[in-house]
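Before any comments, here is the structure.
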Amino acid sequence: MRSRSNSGVRLDSYARLVQQHTILCHQNPVTGLLPASYDQKDAWVRDNVYSILAVWGLGLAYRKNADRDEDKAKAYELEQSVVKLMRGLLHCMIRQVDKVESFKYSQSTKDSLHAKYNTKTCATVVGDDQWGHLQLDATSVYLLFLAQMTASGLHIIHSLDEVNFIQNLVFYIEAAYKTADFGIWERGDKTNQGISELNACSVGMAKAALEALDELDLFGVKGGPQSVIHVLADEVQHCQSILNTLLPRASTSKEVDASLLSVISFPAFAVEDSKLVEITKQEIITKLQGRYGCCRFLRDGYKTPKEDPNRLYYEPAELKLFENIECEWPLFWTYFILDGIFSGNTEQVQEYREALDAVLIKGKNGVPLLPELYSVPPDRVDEEYQNPHTVDRVPMGKLPHMWGQSLYILGNLMAEGFLAPGEIDPLNRRFSTVPKPDVVVQVSILAETEEIKAILKDKGIDVETIAEVYPIRVQPARILSHIYSSLGCNSRMKLSGRPYRLMGVLGTSKLYDIRKTIYTFTPQFIDQQQFYLALDNQMIVEMLRTDLSYLCSRWRMTGQPTITFPISHTMLDEDGASLNSSILAALRKMQDGYFGGARIQTGKLSEFLTTSCCTHLSFMDPGPEGKLYSEDYDEDYDDELDSGNWMDSYDSTRNARCGDEVARYLDHLLAHTGPHPKLTPTSRKGGLDRFRAAVQTTCDLMSLVAKAKELHIQNVHMYLPTKLFQPSRPSLNLLDSPESPQDSQVPSVRVEVHLPRDQSGEVDFQSLVSQLKETSSLQEQADILYMLYTMKGPDWNTELYEEGGSTVRELLSELYVKVGEIRHWGLIRYISGILRKKVEALDEACTDLLSYQKHLTVGLPPEPREKTISAPLPYEALTKLIDEASEGDMNISTLTQEIMVYLAMYMRTQPGLFAEMFRLRIGLIIQVMATELAHSLRCSAEEATEGLMNLSPSAMRNLLHHILSGKEFGVERSVRPTDSNVSPAISIHEIGAVGATKTERTGIMQLKSEIKQVEFRRLSVSPESQTSGGHPSSIDLMSPTFLSPAACISASSGSFPTVCEPQTSKDSRQGQWQRRRRLDGALNRVPIGFYQKVWKILQKCHGLSVEGFVLPSSSTREMTPGEIKFSVHVESVLNRVPQPEYRQLLVEAILVLTMLADIEIHSIGSIIAVEKIVHIANDLFLQEKKTLGADDIMLAKDPASGICTLLYDSAPSGRFGTMTYLSKAAATYVQEFLPHSLCAVQ
């Protein structure tokens, strides 16, 4: 027998420590699970995974350093102990498969997997609502180490059913970036009142698990295509974005948490920004580290002497008692040791190993045991309060703490050289901060038709058509969403697969290998089934620019991203003979190699096959679930052929004769997700009959195209296997009447519809239908259809045409197509609101904004009209809430949804625009947009309203960006026509300070919707009513297009002037500061560090009062200065002020008060009325101005707030600046509490 080497002896000592004293001695021999401790027999998922890591590491070390055969046996035994535990946890979770299925759709805490199980039986131990079960980090850390252990050679997953379950666990955690849970400490909000919140630890761990599992074969080297896990890259990047936004904060209620060490370093390595990693680490060291370890988070009451063991939850004001006496956990020093090993920082490793050795407790036979935590002795609490980190603490809790003990042993194995970082991290997650190579985005431009190809060639752009890229197949993005919805399906386990969600740009920028056929998918934004945004060519260019920029910064996959950008007939000018100028300019820039800050390589799809990222969708291959399309697919074939609704089933019948199963499946999906024309042109029936016969006899694509052309079938592309573009709906005769001059440009006057009456005085609907048929005005058609919609219902048959298809809904849909073709944006928005067209990305846009810790409000203040959205809502609930806040006004509702989508776009690409903004008030933003147009164009509120509603989506988005960015901008009428000749020619451009546009005070306080009054007036129009004239001042407010913010504001408050006064001041900057305050107030923008300063001032008074609403000083007893929760609390008080510029002046007054927080006095008063300070400052301002000769006209006051308009328009600094007067006012107000030397403020 060979003698043992020193390393062998050392390994044996660690084996005894693990097997006989600390971990494996507690493992259940049947389930493989580990109890939390001697007195807590339940098995926590997270604790079990971390506790087995030492066993896994020891097994790897034995396998690597085996001296003799017994060592190899020992390695196998240890590794199988790991497999047994991981499979035990798998059995626990797989017994709750119904919860996994439900949670994918609900994200509800009631549908979550349990956090702990019975060690002996794998059964649940407490009820769904009796514990904070939703802990996404626990599920994620299990999946992360499942991936790492599988990559290291362990075989944990044994069947395809288990593979499908793991795939569904991926769906379970992929929405972590928008799911509030209870976090790693199971408590949620730190008040421990069962309030879930978005936790950085959960988001980071989920991101790591998703990346680790992507394309991983769970059967290891013995696997095949069916055992591979698939992850959508866009979900990973959502987690990455939210994580970067959260850090170094841990959640809304925790400004820092030591658990973030597991996110920025081992095991997750989830952060790619090395600077952010260092910032977060230093925050933990600075705020949480003590003599015995680190606190979990500030004001953590767990096992402190002041915690009441008889109560589960804390009182909010009670949290102040835990400050400076939080328990310290040696566990976190083990993370610092591992971090030092992975980062190569030997000094850090040595420092924390020595520190940890000092707090270890020697057990029986000198075994080193790591206690759970160290607490302040009850009799020395006051001493610790006075001098933090000076009192000697005592160990408490579990001994050993298996989670910490395991990481301690793992750290020692690595520090002593038994394990290399690559062995414990075979998936190389430790290289996350290594700079990535530059990304070159490959763009393949495709033409819808040969005609478009010829037009592009005339411009020097050589492209292919859809047909020419065959056998590569092109599909819209929604088809990829449907394909992924079959991933993970398992009928035996009742798992439905991935929920249908819109596909992100990362997903559509890959090529896909599906049964030996290459597919490419077009970006989501060009899908015209969506909202009307895709009708605007400039908006398409902007969305393309955004996607290209996003790809450059977020692409992490092997190979280059490839975007397939189709040019359709909708991207042509109205004559159909030339390309839209915006599209053409974008194509030329991409050909030059740069667009939107991204490096571009244009070319043919076939040229990109070798350089693109290509994913094999192995789950589309035949598997145990059988065919991927319904079994009755072929059985329905004959029925569909014989049915009268043949066109609706056309796609299925064609594919039923094709031999390609994948094409049949994809086209079957398309047939059920694309719109179908309600009417078939009778003039084409013969041709379609012959075309149908041709389809039945051939599957060859080119033959199909040739026969279609011979039969003069229009829109050939709608019959191709690659159903990229949707057919245009046939135009009804209603829309074929020649356009009147009013429709060729934006009418300045809206048409009053005359309601015909019968002899009994009731509305004569047949006469109204006749009027509908005869009128040539699109606006009047929309008005008549709206009245029919509200009075008779959407399904009322107008009997306009004998062949049918003349219900109100169908006629509105036809009108929507027509106004979409001519880009009449006011009517597009109006009809979209009537039809309740779904903004498919609305709920995702709302969720994205909330995920960045931004609360949303819709409607205008005050509450209850202004509705707050603080948690993700389903689409139906969200639209209902918006409708309620809009008080039934369709235009406001539609505009609110549109603005929400734009805000989400900017949040994803330019989050810096929203710095120091914790609540986005969409109603006020719309109000400011209308106000800016009214004053910049010097027009009436009605004209500004019409201009706002008729802005193209790209112009609306541009205006929003200028308002968010804080840059000075101008709005003016353009002399050159727009591309559509319909939308108003308004240009928005950035200008310098000297050329800033003048804005005058609006005094807008509220939005009072008049939808009911307007409807009543419209329905009771007398026959004698005359049509208005053509002067802009005689605009008919009864037109539905005027049910927009500015018009309603004007009607309710009368604060809008009919026509803006011309500028009389020589100073072109007059109104600049008032405008700036109005914008900042509407956006809730505050100075950097404002909330921390408010927290300090609350320490020295009883509270701050704003318009009767008090921000109490007790808030500081619950919340710390850096909490988002505190910032939102302050916002909720300030938002009681409906007028934006007045609100901003109150912010400035509070900022002056915060300067007093640095003065060494105990108190500066009881409750400070902030508005009184502002009014004192206003009086001082008026008094001084009068002494300088200002008259009453110049010093006019705002009737709503009583503040002089000149004060609103004063710069903050300078002799006559607002800060000067506010400082004097604050000193006057609180002088009785200040030292005499500070009372004389100059």
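These residue numbers are counts, starting from 1, taken along the chain as shown.
Quick reminder: no glycine exception, Cβ is built from N, Cα and C everywhere.
Looking up Ser259, Ser582, Ser813 in Swiss-Prot shows the phosphoserine annotation sitting on Ser813. Looking at 37-67, 688-718, 812-842, the range annotated in Swiss-Prot as region 'Calmodulin-binding' turns out to be 812-842.
In Swiss-Prot, the annotation phosphoserine falls on Ser630, out of Ser343, Ser496, Ser630, Ser1034. Here the candidates are Ser568, Ser618, Ser1105, Ser1132, and Swiss-Prot annotates Ser1132 as phosphoserine. Within the set Ser737, Ser952, Swiss-Prot records phosphoserine at Ser737. Just one residue in Ser643, Ser728, Ser760, Ser980 has phosphoserine written against it in Swiss-Prot, and it is Ser760. Feature annotation from Swiss-Prot across Ser987, Ser1052, Ser1201 places phosphoserine at Ser987. Straight-line distance linking the Cα atoms of Ser813 (phosphoserine) and Ser1132 (phosphoserine), rounded to a whole number, equals 42 Å. Residue with the densest Cβ environment among the modified residues Ser813, Ser1132: Ser813, by other Cβ atoms within 10 Å.
In the region 'Calmodulin-binding' (812-842), helix, strand and coil residues by DSSP number 21 helix, 0 strand, 10 coil. Per-residue pLDDT, averaged over the region 'Calmodulin-binding' (1065-1105), rounds to 81.
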